[in-house]
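Visitor: What TrEMBL records for this protein is below:
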type	residues	note
DOMAIN	1-87	domain 'CARD'
REPEAT	656-697	repeat 'WD'
REPEAT	739-780	repeat 'WD'
REPEAT	874-915	repeat 'WD'
REPEAT	998-1039	repeat 'WD'
REPEAT	1052-1083	repeat 'WD'
REPEAT	1084-1116	repeat 'WD'
REPEAT	1126-1167	repeat 'WD'
Amino acid sequence: MEERARSCLLRSRATLEQDIKASYLMDHMISDGVLTGVEEERVLRSSEEAAALLEVLLWKDNRAYISFYNALIRESYGDLASLLHNDLPQLSPEGEKSYSNGISPTAVSQVLSAILSEGGVPQRPVVFVNRPALLNKVREKLYKLQNAVGWVTVFGMAGSGKSVLAAESVKDHTLIKECFPDGIHWLSVGQCERADLLVRLQSLCFRLEQSQVSEAPLRPPSSLEEAKERLRFLMLRRFPRALLILDDVWDSYTLRAFDIQCRVLLTTRNRSLTDSVSGQRFSVPVESGLDEEKALEILALYVNGKLHNLPEQARSIVKECKGSPLVVSLIGALLREFPERWGYYLRQLQKKQFQRIRKSSSYDYEALDQAMDASLQVLKKEHRELYKDLSVLEKDVKVPAKVLSVLWGKELEDVEDVLQEFVNKSLLFRDCNQRPYLYYLHDLQLDFLTEQNRSQLALHSKVIRQYQQAYSKGLPTSVDVECLYWYRFLPHHMARAGLSKELYSLMFSLDWVKNKAQIMGSAHLINDYVEYGAILDQENSEVRLQFQEFLSLNGHQLEQRPFPDVVQLALSQPHSSEVYKQALLQAKERANRGQLYLDWVNKSNQESLSRLVLHPHQNSVYYACFSRDGSKIASCGASKTLRVFKSTSGEKLQEILAHDDEVLCCAFSPDDRHIATCSSDRKVKVWNVEKGTLLRVFEDEHEEQINHCQFTNTNRRVLLATCSNDKITNTKPTSQNTMFGHMEPVNHCCFSPDDTYLATSSNDGTLKLFEVQSANEWKSIDINSFFPDNDDETGVMVKCSTWSADGARIFCAAKNTVFMFDVETQDMMLEIRTSRLSTVQYCQACPNSQLLALALSHYTVEVSSPAASLMAECSGHLSWVPCVQFSPKGSLLLSSSDDQTIRLWETERVHTSSAVALKRDFDVVFNQDDITVVAADSKNRLQVRSGVTGSLEFESVKQKSRIRCMCICRQAPAVALGTEDGTVQVLEVPSGNILATLLGHTKTVHHCLFTEDGQTLITSSEDTTVRVWRWRTGECLVLKGHKEPVRKFHLVGFSSSSPALLSWSFDGTAKVWELSSGKKLQDLECHHGAVLSADISLDGQVFSTASADKTAKVWSCTSWEMVFLLKGHKACVRSCRFSWDGKRLATGDDNGEIRLWNMLNGSLLKICSRESKDSMDSFHGGWVTDLHFSPDNKVLVSTGGYIKWWSVERGEALQTFYTTGANLKRIHVSPDFKSFVTIDNIGILYILKQVEGGQL
């Protein structure tokens, strides 16, 4: 060995000895011929195997160093291999030739190994035989993906070696370099439900994102739709020429999750799966398994012999194995250990003694059964029983040795030795691409074990007993693969074991919810409550529903990073909820340890606004619609069925198995006699509604799945429009026109009210309007242009569109926004952004009002109007809402969901229930334990609410002009209000008598405030003036000087005894006025931009201003000079607040960033913000609009899209309260800093009280 290579080994010896597993590495080194069996035995006998291996290695040549290096790469010790990389020796040509059977030591091979390892491509089995003819066929097809996206399908019977063939096909550096330079990414799929599929997609997205340099890790996608879109972005933009390998795909539903216009190699038993996806398709059959010569070669490799030296029984054994690589490997592993038993194992295979309960039409199990039985017989009795325990595992699930250590109650090292024996005998497979290694059974092996252990009850009970013993002190808290296994499968084992009480205890625990949501996300957790709902309901269906609703309504929050405080989220649940009760107990316990929690004390158990909840399908409901007369509803979805029922009662009228695949849309004809359906099977069908009979099938019009269908609105000329992933739109049946123009799949199409135009929405980011008569494109609106900062790079998907009742305006949905355009001019007239971190799945305009319904990904329906923006939020669904529809008269609204339900809402009831919502301009008075809130409601009445429950004490008559500000008089039972027309009124409470009407302002009154004695009322206005009123007499001082609107002011004492007033304005100035005379004392040119906020220190020595020019300034109240210029914010500085001791100033900006400044020298102390921006592209869910310090100056509270409490000393968040709505304007804080009051943009009032320690 070269001296530098030996020196490198010596330098790295301590690190290598600590981390490597010698037995795994020696397997490769023996295969390379650099290590002998005697040397292996010597190493294994040593108590320090790693040290002994390195000692042997130091006396070897360069080939041994290179073999050791490559073994490290193969076994995923990439970090250790990097220690040796720079000192790799060069081989002579003779050495290179003699080493040709191992991995080439050249840089090319090193890169290839790294690519395959990083992509998770499985390694070769213990004994591998090349199948060059099949391999060349697969590679030939893969080369066809060099310049275009598409699918290569390797299909064949179970156990035919498809996975090994797929893995081997990409072990070609030239292929990867020319066709897939962005890498290879392997994903084991298998049979999986929706939640399991989401977990696999999350894992793949995480792996792809890990390889990219990013500012911060993204939260995992919370739904299949979001995961598909995330994967689409990653593959199209970051890995455009990568190959995605999907191993063992069972159904078209799963495959469509990967239909994202990328290059895919998949293995499957079903050749026709790719018929359901878009793009070019190629296939390679592997139907016959191994031919005789290849099977004999495997046997020869196992017994270390030559083909011509095999005994005569070898061919008979191969014949009995029926070409299955799995069975041949099992027999080969037995013969390696017992080379004299050729005849014995042949007789075992010929016995055919096993009779399967479950037979497969595609595979003869008998040979496998005999081989498996023979393999088990040579195991020690103890090991045989351990192996049988593996039947408790689920198909396609890989487990670490640590899980089996718990199951078997053995030391980890002992378990690894047992597993190594199983691997050597081909009874088990090992995935070496991850650390720790993962072990798994082939589906056929698991089938055999399950048949041998038909009573699984005891085995699942054993799993639970062993788990409880291993985790007697509490739930696992790490994030390793062992922990993932228990969080994923513990409920499954409990349910299979019939341990219902243990299942209740687990799933009705907030701790379980918190841990699993953090580790696996909320979607998998919600699925558990659905899957085990029947068992849980036997204990308490109400509690099960409470937990499920909590997860459904907060799922979007649980996907955020950093992970939110689940106890705080749960404190927002109704007081009667078990979720709330557990949260309150934990909050009190943690409050004793100094943690901060807030209880929403005025929340009420509002009754559900749903008029009717229907459960028409046993799977996701993708679409539902009203008949034209409103008497019927049709629905369709993943169950492949069409269902028609009465809209009044939900009584079923028709149920039709409509298609061979998911039904994506349905539509009634104008006369309600017919109904059309379209599907992923690329067919459109028309049915007779009354009889349920099929009238017509259209199957040649589209080449890809058909996303939407709609009939014309009138009977004048009945047409049916359909749109598809093949980028075209068709109208039929009386005449067929094909409308071209879109460059990506078309998601939605709809006729204008008079049927003159057809609107189409596409993934290419455009909304197009076609003339129905000519099929010509009339107008095109580029929605991409309205997202200039879009960082997806994939463009914007336009989900759908809807026409206003008069056809003059059209709405469309994209991302989390709905746009309204003037049809004639194409001008954008309105932009509606959703109230949460969500995406709009669907929108529809009401046919006889200004209302617009939005279906959102965070499981709710929002009702908006162009005039008043958000009007109502309808909660109740437990999963994504892909569709909303108004009834023809607009009186009802339906929503369909992935939770398998359809909800009917009374439009007027939903609308009016939120019509009395409060506005965000409000005032609060704290009086010991009492709280008084005054605010305007959305009907323009003034409300006074009292007590911690916020009960209504007073409600004024509706005001003629919109109320814009209000304040409470502390000295008299009176409130003042200012309106948009400039009027100021003082009302007596609770009589409502008008005590004063003050006229003088000519524009909107923005702020009003009573002085301490209650005799004076001060108002500021859009008319640029401030007015000081003796409100009982009507006397008034007008403070003129500002050139722009005056939004707010402060009363101050300064150093003089005469009270003064500080006002600031959009004109960039701040002015100081003498209150008694109205004299201007100071006029300061503060900023080049608008002054948005100001504050005065408690001692009156300094005041601060915050501006749209991205700076804040501190001013002296004696010299009136600027003391500090505070720079660093990257957006408008919207709020500022001094601490009570005057030592700090907090400033907040429109990016959501909060900065703490030292008032001794103007230096920056801390930046209070999250580690990364949230989904609203902000550190605080929006602008930071208000700030308050606690009296001890240790805590800061801030408002933005939600409320946050911060440690002033550390600059770290102490707690977050997520409001239902967003865009909070201000927060009022009690003097003791224990009560907080705010109102969100939906109009919900929040009275929050700090949770005190103690017991319930």
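Indices start at 1 and increase along the chain as displayed.
Just so you know, glycine gets a Cβ as well, placed from its N, Cα and C.
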Visitor: Counting by DSSP, what is the helix, strand and coil composition of the repeat 'WD' (1052-1083)?
Guide: 0 helix, 16 strand, 16 coil
Visitor: Which residues, given as numbers and ranges, are at least 6 beyond the ends of the repeat 'WD' (656-697) yet have a Cβ under 8 Å from it?
Guide: 252-253, 256, 276, 622-629, 632, 634-638, 640-644, 703-715, 718, 720, 722, 724, 732-733
Visitor: Could you please provide the mean pLDDT value for the repeat 'WD' (874-915)?
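Guide: When the pLDDT values over the repeat 'WD' (874-915) are averaged, the result is 80.
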Visitor: Same chain only, please: residues at least 6 beyond the ends of the repeat 'WD' (1084-1116) with a C-beta under 8 Å from a C-beta of the stretch. Say none if there are none.
Guide: 1044, 1047-1048, 1050, 1052-1055, 1062, 1064-1072, 1122-1127, 1129-1138, 1140-1142, 1145, 1147, 1149, 1157, 1159, 1162
Visitor: Looking only at the repeat 'WD' (656-697), what are its DSSP counts of helix, strand and coil residues?
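Guide: Across the repeat 'WD' (656-697), the residues distribute as 0 helix, 23 strand, 19 coil.
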Visitor: Could you give the number of helix, strand and coil residues in the repeat 'WD' (739-780) as assigned by DSSP?
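Guide: So the counts come to 0 helix, 23 strand, 19 coil.
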Visitor: Summarise the domain 'CARD' (1-87) by DSSP state, stating how many residues are helix, strand and coil.
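Guide: Taking the domain 'CARD' (1-87) as a whole: 66 helix, 0 strand, 21 coil.
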